[in-house]
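Features reported for this protein in TrEMBL:
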TRANSMEM  12-29  transmembrane segment
TRANSMEM  35-54  transmembrane segment
TRANSMEM  66-85  transmembrane segment
TRANSMEM  105-125  transmembrane segment
TRANSMEM  137-156  transmembrane segment
TRANSMEM  176-197  transmembrane segment
TRANSMEM  209-227  transmembrane segment
TRANSMEM  239-259  transmembrane segment
TRANSMEM  279-297  transmembrane segment
TRANSMEM  303-325  transmembrane segment
COILED    341-368  coiled coil
DOMAIN    395-527  domain 'GGDEF'
DOMAIN    534-789  domain 'EAL'
């Protein structure tokens with residue numbers, strides 16, 4: 001609060017502060033002349049500074065003007081009192097003849113300053129009425145007035161009207177009346193300053209006002225104390241209380257230093273909407289003032305009637321102020337509601353306009369793709385359904401499911417902006433060749449759907465030709481020229497009974513078939529319908545079959561190439577369906593791998609293979625290995641490894657007699673899981689073989705990463721080893737690689753002597769194939785074991 005003083009008004013502040021200190025010492029020394037002289041000097045200097053600051057801050061028309069007049073008139077009274085003392089010093093008889101005492105003269109002279117202080121309070125109070133609820137202010141003022149007057153009536157006047165009307169105390173009574181009014185005005189203004197707000201009280205915007213109110217409070221309390229002494233007939237004058245007047249003037253001076261331009265005219269806010277909290281604050285303040293008055297009175301002056309009166313005033317005040325606050329709250333609420341309703345009406349009109357615009361935009365978004373402007377999936381389905389329902393007799397509906405080849409690479413290479421431009425231009429190119437009545441949709445990403453309705457049987461092939469050509473045309477985006485290709489799945493219907501979703505599903509199935517075949521650009525659903533139906537039929541049979549009754553295992557023996565010693569067998573599943581007859585594994589295994597049933601099949605194979613081989617090894621005292629083929633999906637199953645370990649323990653199988661066979665593709669997928677699972681098998685002593693090695697994702701990195709024991713050379717390489725030098729070199733490389741990293745090799749599909757000799761020459765370790773042993777059932781394989789016991 002003092003930073004503005006120390007920064008800008010050091011000299012004036014220190015000078016007046018020094019005068020206040022000098023005044024204090026004059027009181028201490030008891031020199032009446034010097035006391036009055038210093039008082040005059042202090043008042044004159046403060047009045048001059050006050051005038052200067054008011055003029056510079058342009059506040060001469062505010063309540064501060066009356067404060068200036070009060071201090072100036074106080075200074076004039078001090079000067080007249082000083083002259084009185086000087087005349088009294090030279091000729092005491094002059095004033096004695098007038099029968100006017102110094103005390104009477106002082107009381108008369110200081111009436112004008114006190115009146116000016118009262119006028120300043122009234123001026124400010126009048127301005128308060130313009131900003132706050134006048135009923136609330138009147139009740140506040142009335143309650144304060146009653147409490148204060150009751151104090152003087154019971155304590156000072158001793159409930160005597162004669163004392164109040166005594167002519168000897170008319171001037172003192174005038175002072176007390178002005179003190180009461182000033183006191184009440186100070187607290188009413190304080191109530192209106194919203195002290196309960198969260199902002200700091202001593203902020204620059206109100207500190208001058210707060211200091212001014214504090215000074216008025218000091219002045220009225222000190223004067224009331226002095227005037228009360230006169231009523232109580234204590235007699236004499238006490239100059240010590242005058243020091244507090246000088247302190248009050250000094251506070252006014254400090255308040256003046258804090259005035260900014262037009263600061264005295266800042267707006268005083270009414271109480272905020274928290275009426276309950278405001279009521280509590282004011283009620284507690286009045287209660288505190290009442291207790292102070294009771295504490296200031298002698299015990300013999302505290303009457304029960306007075307206490308009852310104070311309680312009645314406080315209760316009446318609480319009831320009135322609560323009623324006013326409630327009324328104001330309701331009025332404000334009604335005004336607020338009217339304002340809200342008017343604003344809501346305006347906002348509703350604006351919202352309706354915005355809603356219409358948004359509805360139009362939403363309709364566009366709900367029906368069309370935001371990038372290409374083509375129909376989106378939902379709108380396409382709706383229009384396709386309508387097209388199917390309204391199809392005329394003899395009309396055919398063709399649907400084309402289109403997928404752009406390697407479009408992700410375009411986004412990755414050129415950026416999504418270029419990719420979006422390509423899609424936009426491509427959609428425009430395709431729309432340009434569409435016949436009348438055709439509809440086109442973007443299903444998301446780089447997938448498009450086109451529907452045609454026509455009668456010409458061969459028209460769809462002609463359109464397919466134009467479609468693939470327009471897609472293949474180069475698309476220019478800035479400096480880039482993009483060449484595209486596509487796969488297309490085509491489905492047709494001549495019935496109006498088919499669902500739109502089914503027709504789309506058929507086109508999607510044809511598209512999937514086209515994407516799997518690198519040699520074709522399009523596939524017709526009619527061409528693959530029987531294949532798909534058979535797959536679906538097989539899946540249904542797999543899900544309803546009895547494994548133990550329909551599945552069986554064949555065992556194909558595996559031999560050491562040198563010596564023709566049998567070392568084990570690969571377990572091969574066979575399915576003899578009572579409905580469909582023998583079903584090749586090449587047909588049902590891919591179907592099973594597309595669903596979770598492959599896990600169940602894999603577990604059945606592992607259990608049966610381990611059980612059967614364990615039985616033979618125990619029965620004949622041998623240690624033949626059994627090779628168990630594992631699907632990549634089985635590796636993802638958390639119970640897969642523990643199930644196999646459980647079967648090994650259950651049937652007493654030596655873990656070294658279990659060989660886990662995986663394809664190269666299995667090693668590429670889920671590397672982290674694969675490493676963990678294969679390490680578990682290796683730690684148990686089981687061997688791990690890579691099936692069909694050399695035809696898939698052969699990589700030295702994968703071979704080094706996993707704990708492998710054997711590479712199985714694919715039958716496709718062995719088939720042509722005698723007539724194809726490249727295949728022979730590949731096999732040689734595989735064998736050489738295996739020897740270098742200390743892995744064994746076994747060749748699959750050995751079917752004649754020539755292949756056998758070449759493999760022996762290349763250094764292959766083991767063989768498996770029809771030449772030495774075809775797959776056989778358990779009975780035949782056990783017969784083979786008995787016949788070769790001498791060589792095992």
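Please read every residue number as a count from 1 along the shown chain.
Glycine too: its Cβ is placed from the backbone N, Cα and C atoms.
Note: the domain 'GGDEF' (395-527) comprises 60 helix, 40 strand, 33 coil (DSSP; helix = H, G, I, strand = E, B).
Among the recorded stretches 66-85, 105-125, 137-156, 239-259, the one sharing the largest number of Cβ pairs closer than 8 Å with the transmembrane segment (35-54) is 66-85.
Remote same-chain partners of the transmembrane segment (66-85), defined as residues 6 or more beyond its termini with a Cβ less than 8 Å from a stretch Cβ, comprise 32-33, 36-37, 39-40, 43-44, 46-47, 50-51, 54, 95, 102, 105-106, 109-110, 112-114, 116-117, 119-120, 123, 212, 245, 249, 252.
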